[in-house]
Amino acid sequence: MTPTIITDVKAFAIKPDRHNLVVVKVETNKGVSGLGCATFQFRPLAVKTVVDEYLRPLLLGRDANQIEDLWQVMNVNSYWRNGPITNNAISGVDMALWDIKGQLADMPLYQLLGGKARTAIPAYTHAVADNLEDLYQEIDRFLAEGYRYIRCQLGFYGGNPSQLQTPDQPIAGSYFDQTDYMDTTLKMFAAIQERYGNQFQMLHDVHERLHPNQAIQFAKAAEPFNLFFLEDILPPDQNKWLQQLRSQSATPIATGELFNNPMEWQELVKNQQIDFMRAHVSQIGGITPALKLAHFCDAMGIRIAWHTPSDISPVGLAVNNHLNIHLHNAAIQETIAIPANTQSVFGGSPQPENGYFYPIEKSGIGITFDEAAAAEFPVVYRPHEWTQSRTPDGTLITP
């Protein structure tokens with residue numbers, strides 16, 4: 001096979017709608033270019049800098065066909081590795097290289113990886129409201145659209161300090177009463193189960209805001225509600241507690257969206273302490289490491305549910321789609337409606353149909369990127385207050 005020489009590497013940091021997105025474009029001497037998702041919405045310009053200033057000169061003139069070797073070169077080039085900024089930058093290039101290979105082969109990515117493991121992948125979406133009646137309306141809408149898996153959240157991750165017993169002159173920010181949250185959420189599960197029966201299966205995301213003993217209590221109390229999974233019940237630096245949780249609760253546990261380093265998942269997978277791996281593909285370095293992680297999980301009976309939030313580009317969403325169609329142990333695909341401006345920048349964004357994502361049949365990843373349209377949406381700094389929730393006494397919660 002003749003070499004496919006990399007002639008340019010570009011990173012684009014944009015904010016077409018609510019979230020900052022980062023996309024990488026790799027160009028070659030064969031006139032074929034590829035796209036990759038490098039979105040780390042909290043540090044978009046840092047990722048762009050790594051791509052433009054460090055990876056670009058490293059990659060120019062190299063053979064785009066040699067994806068494994070190029071991934072290894074990028075991973076060790078800075079010596080220190082496995083951090084979110086570098087991993088996302090590497091991911092953008094890695095996905096783009098797979099996109100190029102698929103186009104050169106005239107094959108969709110899932111076919112390039114080995115073909116279908118299923119006809120379509122079930123999807124789940126998010127029903128979020130401040131009260132039960134509004135939440136029911138959200139659920140009814142999603143049921144009408146064909147969803148049979150719905151993540152249910154009552155309120156967001158925080159609260160109003162004026163409604164909590166806080167010290168005088170509380171620190172400004174988002175507040176979160178862990179005991180009240182557990183009580184309110186369990187009552188929500190019961191109300192939804194009574195109203196809807198088995199019309200759909202609930203999921204729920206704790207977003208790492210409980211202490212270990214609270215997490216065990218909550219998972220045990222959630223057992224009667226037959227959740228598809230309970231997500232991120234602990235922060236990753238407390239995941240050793242999952243061994244105790246697993247021994248005391250049958251509630252399926254999913255975690256992984258904060259993972260960057262293989263050391264964060266190796267023991268969890270080897271010891272079968274989780275049911276679902278929720279890694280974010282760009283956060284772990286792209287398609288190349290995602291395939292290795294998925295196969296490791298498959299050998300240990302752990303299913304895949306890639307993190308697919310609203311702060312992911314349609315390129316990243318499409319990659320998850322391809323992986324989920326191909327991987328034997330893929331279980332479900334998260335999805336949130338893609339806003340209008342984002343759709344104007346990215347062509348071919350995958351959309352669920354009656355609760356499923358079907359294979360993308362275009363060659364490569366199958367997404368287009370309008371650079372002129374993207375230029376209309378420059379990146380904007382956001383403080384992301386929701387990552388800085390506090391307990392009523394003002395203590396910062398570590399997500």
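Think of each number as a place in line: the chain as shown, counted from 1.
In case you wondered, yes, glycine gets a Cβ from its N, Cα and C as well.
Sequence annotations record features per position, and here Swiss-Prot assigns Mg(2+) binding site to Asp205, Glu231, Glu257 based on similarity to another entry. In the three-state DSSP scheme, Glu257 (Mg(2+) binding site) falls into the coil class. Just so you know, the Cβ of Glu257 (Mg(2+) binding site) picks up 22 other Cβ atoms within 10 Å once every protein chain is counted.
Marked as D-arabinonate binding site by Swiss-Prot on the basis of similarity to another entry: His207, Glu257, Arg278, His307, Glu334. Long-range Cβ contacts of His307 (D-arabinonate binding site) within its own chain (separation 6+, distance under 8 Å): Gly256, Glu257, Arg278, Ala279, His280, Val281, Gln283, Glu334. Secondary structure from DSSP puts His307 (D-arabinonate binding site) in coil.
Each of Val206, His207, Asp232, Ala254, Thr255, Arg278, His307 belongs to the same chain as Asp205, Glu231, Glu257, is absent from that list, and has a C-beta within 8 angstroms of the C-beta centroid marking the Mg(2+) site.
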